[in-house]
Each structure stands twice: as structure tokens, then as C-alpha cells.
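So the structure is just underneath, and the comments pick up after that.
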Amino acid sequence: MELLSNIALGFETAFTAEALFYCFLGCCIGTFVGALPGIGPMVTISVALPLTFGLDPTVALIMLAGIFYGAQYGGSISSILLNLPGTASTAVTALDGYPLAQSGRAGFALFINAVASFCGSSISILVVMAFAPAIAEIALRFNSTEYFAVMVLGLVAACTIGGGSPLKSLIMVVFGLILGIVGMDINSGAMRYTFGFLELTDGISLISVAMGMFGVAEIVRKMAGPSQDAPKSMVADLSLASMLPSRKDLSLLWLPTLRGTAVGSMIGALPGAGPTVAAFMAYATEKKVARDPARFGRGAPEGVAAPEAANNAAVQAAFIPTLSLGIPGDVVMAILLGAMIMHGVVPGPQFISNEPAMFWGLLVSFWLGNLILLFLNLPLIGFLVKIITVPGRILHPVVIFFICLGSYSVANNVFDVFVTLIFGVLGYLLMRRGFHPAPVLLGFILGPMMEENLRRSLVIARGDPSVFLERPASAVMLGLALLLVLLPLRKPVVRILRGRQSQDGPPLS
């Protein structure tokens, strides 16, 4: 009964005209900036923050949060239609969403994206409502060893999603880790892999890596191909019937959506993990449990449903450590945490009890916002799909312009634009050799955090590496990572053993 009364309090707070208007405004802005390459929620929330100072703190946070989860929807639109992830967490959606669009099922892919995102968000919000205090307590018990183990597990899982060869995926993950440590070492102050460029002191921009290796590389690939324009057959049928999933599709998609939601809710509640890790792990999970893993990367609907449910669930769950512990889950959450403090709200263990109307109002607004996004995006599917019919001579320069604008806006530095273009050419060359850029992005994001938690764990343990096996959660996750490494070796080993038996011949009687 207490939970129901709290939810009623949340509806009372979030169902005011002012709160609904700013929730709608935040969702619209988030969808728009999420679809633009390189802009993203981080820049937008930073710009919008000063504009919220005249608003009620709850209303201000409702709008800023709407920008955050709205960007997840928007980012997947450009991922599916153009192979251009608007946000890092939607990069994995492009693996199967873009092939679906290329095969003439762009409307179907966008429909799956919208519904799976809504389901993941809604279920995760219910989980947060029911278990926020308990989840916060579990997350609080995690220390650097568990976080390191989570990241190792995420990187190993990424090696299974590279489209074929795990070895190629491993190479790309290592490449991403190397890119992630470029810049000044925060502990020693030493420069690493900067090659004398002062612009690399703070490292390589995530925008440059993501937009270059996905967006620019894809445009270069299209320009190098026989035709720059999408065939009309790709979008010939935009009827509602063509977008709706069949019974067979529904039977395939409901379990991946639930699994993605579960992965996203668990990963999102851990500080430092975030929606990107959740999306990659959900995709890797689906590929492991699938009867035919070869379908993934070629337009498998499950490859869209699972990561989209996961990254949207993770966004909602990421508010658990931010609100209840005062620990931001990622950079965007850190900005939202700063917004709370600027509005005079103190996050932490006492936040739920001291500010019940704000806490439950925010949770209810998340559900309302995702409902708004569902009804906002579904009617626009037919219009959005037509984007891919725009002639390449018009579309490609426009996309390149927004990519360069997004790269420049990070630090107002032309150097970042050149870095983006360099990664675009590099990404194209790697794609021609069968290397997919998705594992690079995960390695790049997790590299600095993994290094930090590794160092902290070893400092606390005075250099003893056995500390990672002494804590049960850390040992279990590292064991799962080892299992993921060994599983692909099972079939080759069995094949070799059977070959030796056949060469030895039948035993003598």
C-alpha cells in the first residue's frame, strides 16, 4: 500500500500542466538532438541548464531528464536509417537496424525500436519504483574490484559481436583501449601517445571516434560504391501493415526485449557502467542464446529489440545511484547531479525520505515521457524512412556538415574535426577488411574507467592481484568472462580430438 500511495504522490506532482509541458519539451528536444550526429544529450543539457534556473526544481529536472532519455530514441533513428549513431549507446543498434533498413524494412526496424524502448523503459521504471532502496544498497557495496570485473566482462562480451571472427573483435577492442588512454596520465602527469600534439592532452574526443568510424566511414563506403542513392524498393511499402510485426516476429522479440530490460536495469544501476555497456552486453547475450547467431549483423530483429530495451532501461536505472547515493552513473548523470545541487536539492541516502514528492514525481514523469516519445515517434516513422531516399549528393554533404559541427562543438577546436575525418578514413579501411568499429567504441569508453579501477584495487591491496578473486561478485564476473573466452574454443577442440581418433583408427582386438 505504501508503494501505491507513493506512486499516487508522483502522479500528483508530475500531472500538473507545467510539468507535462516541460516533459514534452524535453522529450522533443532530446529526440531532435539525439538524431543529430555529435550533438547528444551532454552538450544539450549543459546548454539548457542555465535556462532552468527560473523553474521549480522538480519541473527543471523533469525537462533535463526528458532530454536525456529522449536522446536515446533520437540516436537510434539515425543509427537505423544512416548507420550513424546519434549517441554512443545506440551504436550497437546499427549492427542489425541498418541492414534491416537496407533490405527495405526501415519502418519495421523503427517500430521495433520504439516499442522495445518503451517496454524497456517502463519495466525498468517499475523496478526502480519497487526496489530503488534495495538496489542502491547493493550498488553501494560494490567497490573498484567489482567495477573492474564488470568492465572486463563487458569487453569480453564485445568480442562476440564483431560480426564473425572473435579475433578481429578482440583486435578492435584492444585498439579502443589504446585510444582510450591517449592523453595525460592523471596519476603521474606523463603524456601517453600524444606524439607532441598539445590538442591530445585531454585525450581523443568520443565524438571524433564514434562519428568518424561510424558516420564518415559509412558515407565514404557509399561514395566508393556503385551507387550513392537508395533503391526505391527499400521504402516502397510504408503502410502500417508493413511496419507491424507478425506473430512470428512477436514470438521472436518478446524474450529478447525482456532479457535486454533485465540486463539494462542491472547494469544501469551500477555507477560508471551506463547505457552503452548495457546495450553491448544485451546484444552479446542475444547472440549467445540465439539458435542461429549468424543472423546477427545481417538484419536480425532481435539485434534491434534487445539493445534498445537495454539502453533505455539503463537510462532509467542510472537514476538510482544518482538520486539515492549521489554517485553519477556517467557524464550526463554528473551534469544532472550538478543541476540538482544548483537548484538546492541535496542527492544522497536521505533524498528519497526528505524529497518524496520530487523523487516519485520524477519517476512518474519518466514513464509519462516515454509514453510521449512512443506516440511522438510512431506517427513519424513514414516520414523518417523517406530520409534514406534523399539522393546521396544532397544527403551526404548535409550529414558530413553536422558531423563536423558536432565534432567542433565539443571544444570549439578545428583539430577535432580533422581527427574525426581521419577516423572516418581509418574506419572505412577497417570495414573493407572485415573489422567492425562497434567493439572499438566500447573499448574506448571503458578503457579509462577500467584502468582507474584496476589501479585503485591494486593500491588498496598493496599490489596483490588475488584481491580480484577474494570478493565473490568480482570472482563470479571474471569467471563468466573466462567462460565466454573458452566457449568458442569448444567446437575446434572437439573437432581436433575427433580427427586424431579417426587417424589412430579402431583399437586392435
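Each residue, glycine too, has its Cβ placed from N, Cα and C.
Caution: TrEMBL annotation is automatic and unverified by curators.
Note that the coordinates shown come from a computational prediction; the quantities given were computed from them, not determined experimentally.
So that you can see what the record holds, here are the features copied from TrEMBL:
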DOMAIN    20-442  domain 'DUF112'
TRANSMEM  19-39  transmembrane segment
TRANSMEM  51-71  transmembrane segment
TRANSMEM  77-98  transmembrane segment
TRANSMEM  110-135  transmembrane segment
TRANSMEM  147-163  transmembrane segment
TRANSMEM  170-191  transmembrane segment
TRANSMEM  203-220  transmembrane segment
TRANSMEM  358-385  transmembrane segment
TRANSMEM  397-430  transmembrane segment
TRANSMEM  472-489  transmembrane segment
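Between the transmembrane segment (397-430) and the transmembrane segment (203-220), the number of CB pairs under 8 angstroms, six or more residues apart, is three or more, so the stretches are in contact. Here the transmembrane segment (19-39) has long-range neighbours at 13, 48, 55, 58-60, 62-78, 84-87, 90, 207, 211, 215, 361, 365, 368-369, 372-373, 376-377, 399, 402-403, 405-407, 409-410, meaning same-chain residues at least 6 beyond its ends whose C-beta is under 8 angstroms from one of its own. Only pairs six or more apart in sequence are counted, and the transmembrane segment (51-71) with the transmembrane segment (358-385) gives three or more Cβ pairs under 8 Å, enough to call it a contact.
Across 77-98, 110-135, 170-191, 203-220, the stretch most heavily in contact with the transmembrane segment (358-385), judged by Cβ pairs under 8 Å, is 110-135. The listed stretches are 77-98, 110-135, 170-191; of these, 77-98 has the most Cβ pairs under 8 Å to the transmembrane segment (203-220). Beyond its flanks by at least six residues, the transmembrane segment (170-191) meets 155, 158-159, 162, 200-204, 209, 430, 435-448, 450-451, 455 of its own chain at Cβ-Cβ distances under 8 Å.
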